[in-house]
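Database features, via Swiss-Prot:
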type	residues	note
BINDING	25, 85, 124, 455	(6S)-5-formyl-5,6,7,8-tetrahydrofolate binding site
DOMAIN	221-375	domain 'TrmE-type G'
BINDING	231-236, 250-256, 275-278	GTP binding site
BINDING	231, 250, 252, 255	K(+) binding site
BINDING	235, 256	Mg(2+) binding site
């Protein structure tokens, strides 16, 4: 469907359901005219911008709800258009009724993410900042929120824009040397100077790329597979980490017949905990499917928590699990330390963590070891640092580095500086896709379609 970018749009901006407040948002040139048709209270033409005004929403003289209406005039709004927010009593019926009234009064239903898209199109935010809005909404921990806020505040955008400007200056210098070789007041872009500039850009982007692992973990969570043979305490460990009972815990082997996924906040790091079915040979078809899914989860995990029974000697199944997980980021947990120890610790390859999920012992040690393994006990989010957390951004930085490598390769082959402009220009264009300066319309539409309705 083709829609007019300048239509006045509306949507419910709060989750549907029972609650104290529901918000119907309107943005566009007709926002004030629409609210005046349905609002009984102060004359909204006379109220200052960025004020909240008491009154009623009415239709044909009948009161629909008692409301507070926020009036925010362009250009000092999120969309840089006139914005009205109707604060209703929360509830499905009343909020939907007011939304339908706004639609009948001349607004169009907003597409998902269209408010933020307008903020981008009107220059209020760039594409990286717009994506940070969604990251902020989806953040599962305070550290993930901090990274999203940094990006929303422009830390990544400023770094990218400054780098693009330096690349542009380099390209301009090459052009001047070509077109006006007689100018003595412009430094000549020699091979040595081009190499120096290229290495400078490579170093900056390489250092930025080094933050991707940490940033991506904070944004998407640390995929953590809990593995072990049946009935060693995997589900109990999951419940202990979650601080609530999510998995069924029994003495019957094979109780967990599928893969259970839950998120938990470990010192600011979101862990996507995957409680796998015990990996063993089985004739039970349903359990067999669960075992296969467990093996797949193990292959894809960022972290493996291997649970062994310290009250029993190592079994063939234990040894198989030790072998198939040896190339993973792994912590070995010896459970049931409240019972006499039987396991052969001298045959285990790493320092193990002795725990008792029944008595909730040493769960905090697991959390500390995870922090050490992935963050070297450093501050998880450093003040004033810039982090890459978005897979799209990471891919573009990698592409930009490949273009810079092509410039270096050309320099090594003795190619003239002016012939290397193509790859340097490509680097500039690729970085522009991060902020949206050089992003195709199809990409922009696709990105905003992933946003919430009303955002």
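Note: Cβ is positioned from N, Cα and C throughout, glycine not excepted.
It is 38 Å from the Cα atom of residue 455 ((6S)-5-formyl-5,6,7,8-tetrahydrofolate binding site) to that of residue 235 (Mg(2+) binding site). For the pair formed by residue 25 ((6S)-5-formyl-5,6,7,8-tetrahydrofolate binding site) and residue 235 (Mg(2+) binding site), distance between Cα atoms is given as 44 Å, rounded to the nearest Å. Look at the Cβ of each of the binding-site residues 25, 124, 234, 455 and count the other Cβ atoms within 10 Å; the largest number goes with 234. Under DSSP, residue 85 ((6S)-5-formyl-5,6,7,8-tetrahydrofolate binding site) is assigned to a strand (E or B) in the three-state scheme. Within 10 Å of the Cβ of residue 85 ((6S)-5-formyl-5,6,7,8-tetrahydrofolate binding site) there are 19 other Cβ atoms, across all protein chains. The distance from the Cα of residue 85 ((6S)-5-formyl-5,6,7,8-tetrahydrofolate binding site) to the Cα of residue 235 (Mg(2+) binding site) comes to 46 Å. Around the Cβ of residue 231 (GTP binding site), a 10 Å sphere holds 18 further Cβ atoms from the protein chains shown.
Farthest C-alpha pair in the (6S)-5-formyl-5,6,7,8-tetrahydrofolate-binding residues 25, 85, 124, 455: 19 Å apart.
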